[in-house]
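Colleague: Once you've had a glance at the structure underneath, I'll fire off some questions.
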Amino acid sequence: MDAQSSAKVNSRKRRKEAPGPNGATEEDGIPSKVQRCAVGLRQPAPFSDEIEVDFSKPYVRVTMEEACRGTPCERPVRVYADGIFDLFHSGHARALMQAKNLFPNTYLIVGVCSDELTHNFKGFTVMNENERYDAVQHCRYVDEVVRNAPWTLTPEFLAEHRIDFVAHDDIPYSSAGSDDVYKHIKDAGMFAPTQRTEGISTSDIITRIVRDYDVYARRNLQRGYTAKELNVSFINEKKYHLQERVDKVKKKVKDVEEKSKEFVQKVEEKSIDLIQKWEEKSREFIGSFLEMFGPEGALKHMLKEGKGRMLQAISPKQSPSSSPTHERSPSPSFRWPFSGKTSPSSSPASLSRCRAVTCDISEDEED
């Protein structure tokens, strides 16, 4: 047993130290890769009663030390593993993989118990014996399958199949009135322990199905199975159909809620965009208004220019003193209609009064 454990440790070390891509190992965080092999198993494992055995050659069991060192190719170590293998799952496959890799040269024989033995000692199975045989046959680690395997291994059975070691997990298996059906195998030094895979078993799978029975029953009714095939009563069938309709309505309501939320979100985004655009346009409008009507706006400049032109029109600038003076011709007297009085002549005093009135008007406009 010590040699076996040391061989397993060494094999694990070799796997860890094997270089991966770019010389990296598993310790570097990069899993090592193996070469792709196109050669694989093309046929299922044969049954034991279909294999010709040469009983003329004597059968001599190998020891644990010899098995760990390695045996010749023509004499592999014959390891036997048995079980029910109902609803064949990854836990079964891993157990058989461990049994296959116990020794460098291993021939794995797997025994599958019949329906009669299983129903008597363990309970009812989901799959019948033929389905369980077929499932084990197609496991890649299996070299031979024994149908109708015994519940307790006898010396005659071990000798008939020339078994060197029996592989199973080390947990005592109490059944058939015995605390451990593998106790005599352990005492004989023929027991090779394997590790049970936690979190997966046939009982766990059945528990999941029973826990969610209504879900799976409704699912199969939708897929065309009848209530009779599912062993479902008439009332439960109608209940499942009603639940299915309710679930569809709930789904539609949920879809509508999600779509309405998306619509509201889009409206909020659009409203935010509109508000931002409105603020920008308002700023532009206010800026344009101030440019036109503000204290320094264009309108004030226009009024100033108009006022200046009006002042120039009312009181034109006098010509410089250097220029020759021109005498004005006396303006003709204006006669008011229906009166014999003439219009008063423009005097310097009247011109000064007119200028004073114009200045007052301009000051009022500036205020």
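Using the three backbone atoms N, Cα and C, a Cβ is placed for every residue, glycine included.
Per Swiss-Prot, N-acetylmethionine is recorded for Met1, and the stated evidence type is similarity to another entry. Among the features that Swiss-Prot reports, region 'Disordered' is placed at 1-32, 313-367. Taken from Swiss-Prot, the feature phosphocholine binding site applies to Lys122, Trp151, supported by similarity to another entry. According to Swiss-Prot, the feature phosphoserine maps to Ser315, Ser319, Ser321, Ser323, Ser329, Ser331, Ser343, Ser345, Ser347 (among others). Sequence annotations record features per position, and here Swiss-Prot assigns phosphothreonine to Thr325, Thr358 (among others). What Swiss-Prot lists as compositional bias 'Low complexity' is 330-352.
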Colleague: If one looks at the chain holding Lys122 (phosphocholine binding site), which residues at least 6 apart in sequence have a CB under 8 angstroms from its CB?
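Modeller: Listed in sequence order, they are Ile84, Ser175.
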Colleague: Expressed to the nearest Å, what is the distance separating Ser315 (phosphoserine) and Trp151 (phosphocholine binding site) at their Cα atoms?
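Modeller: Between the alpha carbons of Ser315 (phosphoserine) and Trp151 (phosphocholine binding site) there are 136 Å.
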